[in-house]
Each structure stands twice: as C-alpha cells, then as structure tokens.
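If you check TrEMBL, you get these features:
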type	residues	note
BINDING	HIS72, HIS74, GLU79, HIS120	Mn(2+) binding site
BINDING	HIS74, GLU79	oxalate binding site
DOMAIN	24-174	domain 'Cupin type-1'
Amino acid sequence: MAVLVNGYVCKDPKLVIAEDFYTSGLHLERNISDSCGSGSDSISIIQVPGLNTLGISMGRVDLDSWGVIAPHYHPRASEIITVLQGTIETGFVTSNPENRLISKVLKKGDVFVIPKGLVHFQRNIGNGHAVALTAFNSQNRGVVTVGNAVFGSKPSISSDLLAKSFQVEENVIHQLQAKF
C-alpha cells in the first residue's frame, strides 16, 4: 500500500533510483509568447519526486524585452531570484497598512529575496532577453496571480463589489473580467 506524505506518494527507500532526484532542461529557453512576454517553469515535486519532504524547489524565468511576470504571491514559500542574463526589475509590496514597495534593479549575478506571501513581480527593463533562476523554501510553493484571482475567478466575484473595492465604474470591472 502506498504511503502519502504531503499528499504525494512516498516511495519505499529501497526502491529509490537516481531519476527520482533528477530532471534536465533548465538550460532551455522557455516559451515567452504569452501576453506578458514571459515564460517560466518550475521544478517541484511533480518533476522531481525526491523533493518530497525536502522543503525546496526552483524554477527558471525567461523575459522578452520589457516582458513581465505579473504581480503574484506564493502562499507557501519565500523566493530568491538570481539573474543569469539581462536586467530585471523586481520588487514586493509589504503588508497592510504600509503597502510599501521594496524594489531593485538586478543585473547578471545579482540576487534578491522575496518574503513568503507578499505580492511581487519581475520585469525585464532591457532590450534583450533576460533569464533568472528562482529558488523556494517549499517543495510546492503555490502561486496566486493577483489579476487572475480577482478578475478571473470562477464563478466571478460580483462586479459591483469589485467596482466599489477598486473605486472604479462597473464597466471597467467588466472590461477587466473579460480579459481574464
């Protein structure tokens, strides 16, 4: 009978093989044809079963010129980003009531830490391709993209509630919901 740990099958240690702790392809450019000019892949317990219970994962981010990773947060992990190529602006917003933006422009070799659960973003502020590696202190960091969550929920959050919350006309909310 399979034993589940953190919701994933925990393999009998006598049956573990090297492939349970291995993946490849992090050197390959990601597809950046989305509307934001970005692409990312994560390396988590899904790709590397041996990560189960280790509390770590990582990923790769590719950004086209002026591409962005939209504001999002990770409910289960802090993040550390290391730029390998290009110039990336990154930042996070502290919690209420300050909501202070902490941001930095990063160049090749620079590192920036984003605390767990805070809304953050990345943007390529250069004219060429930018690449970064990300690492997380969770095997399953989770990701909540703010725009998708607020304007693309299923079923939709009431447009009059959102209009009042964002202090805009309801037709603006309808336009935003149509995009998501």
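For all residues, glycine too, the Cβ spot is worked out from N, Cα and C.
Excluding HIS72, HIS74, GLU79, HIS120, which define the Mn(2+) site, the same chain contributes TYR73, ALA77, PHE92, ILE114, LEU118, VAL119, ARG141, VAL143 within 8 Å (Cβ to the Cβ centroid), listed in sequence order. The Cβ of HIS74 (Mn(2+) binding site) lies under 8 Å from the Cβ of LYS116, GLY117, PHE136, SER138, ARG141, GLY142, VAL143, VAL144, each on the same chain and at least six residues away in sequence. Within 10 Å of the Cβ of GLU79 (Mn(2+) binding site) there are 23 other Cβ atoms, across all protein chains.
By the criterion of other Cβ atoms within 10 Å of the residue's own Cβ, the least surrounded of the binding-site residues HIS72, HIS120 is HIS72.
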